[in-house]
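*Asks:* These came from TrEMBL, pasted as-is:
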type	residues	note
BINDING	GLY30, ASN31, ASN32, GLY33, VAL34, GLY35, LYS36, THR37	ATP binding site
DOMAIN	3-344	domain 'RecF/RecN/SMC N-terminal'
Amino acid sequence: MILQSLSLLNYKNFETESFELDPKINCFVGNNGVGKTNVLDAVYHLSFGKSYFNPITSQNIKHGEEFFVVEGTYEKNDRAEKIVVSAKKNQKKIIKRNGKPYEKFSEHIGFLPLVIISPADRDLIIEGSDTRRKFMDGVISQGDSSYLRTLINYNKTLAQRNSLLKYFAANSTFNQDTLEIYNAQLNEYGSIIYQKRSEFLDIFMPIFKKRYVSISNGNEEVSLIYKSQLQDENLLTLLQNNLGKDKITQYTNFGIHKDDLLFEIDGHPIKKFGSQGQQKSYLIALKLAQFDFIKDQSGVLPILLLDDIFDKLDEERVEQIITLVDDENFGQLFISDTHADRTEAVVRKVHQTYKMFRL
Ligand SMILES: Nc1ncnc2c1ncn2[C@@H]1O[C@H](COP(=O)(O)OP(=O)(O)OP(=O)(O)O)[C@@H](O)[C@H]1O
């Protein structure tokens, strides 16, 4: 799968801009703030229907404008695919494939697999469990559309159950039958998600470990540990047994929305005990493992976005990663960096075509 051309209209700091892309390596270079990351984010937008960096749609529209359009022409399985994402202020975003709007955006997820490596990934280590669940969900969803549908259904039911708990707090009563329906639905969807997350981790863990060994020079042991309340008890029982607590907090305290993925190094949390270098290697290994996993699941080579890669790694490691595109197992690569010379010196060593875009 190759992104052949990209055009932007009123997208973040760009008024109109278009790029004819190289099938292998595309480098966006320029000073701080010129919009290098925004170009990569536009490519991300075409795959996921949203920004990686700013999920508030209206804030992706150029200041002072009313709408944005991002358009990409791809070649996938020898077919041309045109994807257009557009958003107007105060209106629902539209994603079209070959002129036809998607009714549900979830149907588009996974069609154009993509992995991004960015300095913003450090949130995975420092932020709460929510970011790590999103990572896990993102990886699984790109290869399994039924997973995403189940997750959307789970979240809808969860919101309904929480509303019921709030209603109870205000009125001291609620419909027991309705609660039982919500409990049964959460149990059904939640059990599927728990099962799929567990299976995912079993496959993902060895891939991740292999990637970590290949990019770090150390011999520390890394692991990813899936934590879920459903490991001790089925969800239906948890919901029934903890209704008292839920009534007090007006919130559902048990379920897969409380899952976490623990990042460990030599048996300790990497957040507290990993060096800066180890944390960077850990995150890159995680993302490269995501690449491997999606490729194995979907049979398609994901697009790889390397945002501000020198921020994360020294030149030798960057070279090592970029050399991966030499391997037939890698597809198209997008790189952003402030230093044109540094980037070009590295990509030149790879025996692939490349284009430099100076912004
Ligand atoms: N909605 C918007 N309208 C206009 N400009 C915007 C909008 N959103 C972001 N920007 C501008 O985009 C610029 C940031 O772009 P971006 O993050 O792509 O820069 P960069 O070239 O990657 O910089 P760095 O090298 O510092 O990472 C900023 O100047 C910011 O003000």
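Positions of Cβ are set from backbone N, Cα and C atoms, glycine also.
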*Asks:* So which of ASN31, GLY33, GLY35, listed as binding-site residues, have a Cβ under 6 Å from an atom of ligand 1?
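*Replies:* Only GLY33, GLY35 qualify.
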*Asks:* Looking at the binding-site residues GLY30, GLY33, GLY35, which one has the fewest other Cβ atoms within 10 Å of its own Cβ?
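*Replies:* Among the binding-site residues GLY30, GLY33, GLY35, the lowest count of other Cβ atoms within 10 Å belongs to GLY33.
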*Asks:* When a 10 Å sphere is centred on the Cβ of ASN32 (ATP binding site), how many other Cβ atoms does it contain?
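*Replies:* Total other Cβ atoms inside 10 Å, all chains included: 7.
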*Asks:* Within 10 Å of the Cβ of LYS36 (ATP binding site), how many other Cβ atoms are there?
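*Replies:* Summing over all protein chains shown, LYS36 (ATP binding site) has 23 other Cβ atoms within 10 Å.
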*Asks:* Taking the domain 'RecF/RecN/SMC N-terminal' (3-344) alone, what is its mean pLDDT?
*Replies:* 92
*Asks:* Measure the Cβ-based neighbour count of ASN31 (ATP binding site), defined as the other Cβ atoms within 10 Å of its Cβ.
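*Replies:* I count 9 other Cβ atoms within 10 Å of it.
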*Asks:* For THR37 (ATP binding site), what is the tally of other C-beta atoms lying within 10 angstroms of its C-beta?
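*Replies:* That number is 21.
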*Asks:* With an 8 Å cut-off on Cβ distance to the GLY30, ASN31, ASN32, GLY33, VAL34, GLY35, LYS36, THR37 Cβ center, who else from the chain surrounds the ATP site?
*Replies:* ASN38, SER336, THR338, LEU359
*Asks:* What three-state class does DSSP give THR37 (ATP binding site)?
*Replies:* helix
